[in-house]
Amino acid sequence: MMIIVMLLLSYLIGAFPSGFVIGKLFFKKDIRQFGSGNTGATNSFRVLGRPAGFLVTFLDIFKGFITVFFPLWLPVHADGPISTFFTNGLIVGLFAILGHVYPVYLKFQGGKAVATSAGVVLGVNPILLLILAIIFFIILKIFKYVSLASIVAAICCVIGSLIIQDYILLVVSFLVSIILIIRHRSNIARIFRGEEPKIKWM
């Protein structure tokens, strides 16, 4: 029972809509009505500006990061293969990612999982996250598309999990990559049409 409570708590924390709350609280804006209509960090930068964008990014990363440690902090006990699986920090973090993408507070219309996924990886393997961040910024520098850099980094996480033979990370990163591609499908279409906005600060 406590495992279910932990996973639900992880989902609810992940579902906290940082961009929406910051936009409403400090700018009196519903971020969903501007830019891409997304509640995540990238649209927060675009609509609310850099300070708010950095705050939303931090909060979204923190959501994923903190949930990874729930199995250590909460009174959950694994007494079999199924309970062991669901008390793995990566699996608990996955529920936070799902909450971010499909938040119950906003009728299941949330962000694209990039920052929250980064927080989960930070919690379980900081060195891997550093490598992925380097890849992300290299792709971003070359092509100027946040969406493309995010997808490439996610796919590299799948490859990295194979290299280090972390098969739970492989499952989670594969699922997250699929979610990322689905959530970025409109961005992908705009890239092919030459209509996707490029960043201007790199």
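Backbone N, Cα and C atoms are what each Cβ position is placed from, and that goes for glycine too.
Keep in mind the model is a prediction, meaning the values are calculated, not measured.
Quick look at what Swiss-Prot annotates:
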TRANSMEM  2-22  transmembrane segment
TRANSMEM  54-74  transmembrane segment
TRANSMEM  85-105  transmembrane segment
TRANSMEM  120-140  transmembrane segment
TRANSMEM  141-161  transmembrane segment
TRANSMEM  162-182  transmembrane segment
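Packing against the transmembrane segment (85-105) from elsewhere in the chain are residues 3, 6-8, 10-17, 39-40, 60, 63-64, 67-72, 76, 78, 111-113, 116-117, 119-120, 123-124, 168-169, 172, 175-176, 179, 183: each is 6 or more residues past its ends and has a CB under 8 Å from a CB in it. Cβ atoms under 8 Å from those of the transmembrane segment (162-182) belong to residues 85, 88, 90-91, 93-94, 97, 101, 112-114, 117, 120, 124-125, 128, 150-151, 154-155, 188 of the same chain, restricted to positions at least 6 beyond its ends.
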